[in-house]
Amino acid sequence: MTTEQATGPILVLNGPNLNMLGTRQPEIYGADTLDDVVALCERTAARFDRRIIAFQSNHEGALIDRIHQARGEVSAIVINPGGLTHTSVALRDALVIPEVPIVEVHISNVHAREEFRHHSFVSPIATAVIAGLGVQGYAAAIEYLSKP
Ligand code: DHK
């Protein structure tokens, strides 16, 4: 990684259904909207003089295209892959392409939920996994990735 890339923006990716945050099962995912999450990420990054790029899509291919574009552009990736966590080899394959640290975030504690949520295709290639901290998990991920 070049020095320029190491201080480059952090890509914050959200997968399917996360555009519905605030409305979708608030007893599980909380009351904050995706805009609130992006604002939290921006505020957290700014504390460390860092910048984020936020991207959400309900489409696997769009997320993969964005990850390809991130190669050489970003210093790290924070990703909540939504349901693709548990299904997508293609997303996992894409995530190794930029060769940057990855923090996988889940708002809910996926391990305390249905069994199909216990397996993640992304976790083995992630630097760290955060689950169950609510939207504060995104802030924790950005703080971790921003510290020199
Ligand atoms: C979000 C989703 O959309 C689910 O499909 C995952 C994750 C859990 C979360 O907790 O943020 O299983």
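Placement of Cβ uses the backbone N, Cα and C atoms for every residue, glycine included.
Site annotation for substrate in TrEMBL covers Asn80, His86, Asp93, Ile107, Ser108, and the matching candidate from Arg71, Arg117 is Arg117. Listed in sequence order, the recorded positions among Arg24, Asp93, His106 whose CB lies under 6 angstroms from an atom of ligand 1 come out as His106. Of all the recorded positions listed here (His86, His106, Arg117), His106 has the Cα closest to the Cα of Tyr29 (active site, proton acceptor).
Maximum C-alpha to C-alpha distance over the listed substrate-binding residues Asn80, His86, Asp93, Ile107, Ser108, Arg117 is 24 Å.
It is Arg24, among the recorded positions Arg24, His86, whose Cβ has the fewest other Cβ atoms within 10 Å in the structure shown. By neighbour count, meaning other C-beta atoms within 10 Å, the densest spot among the recorded positions His106, Arg117 is His106.
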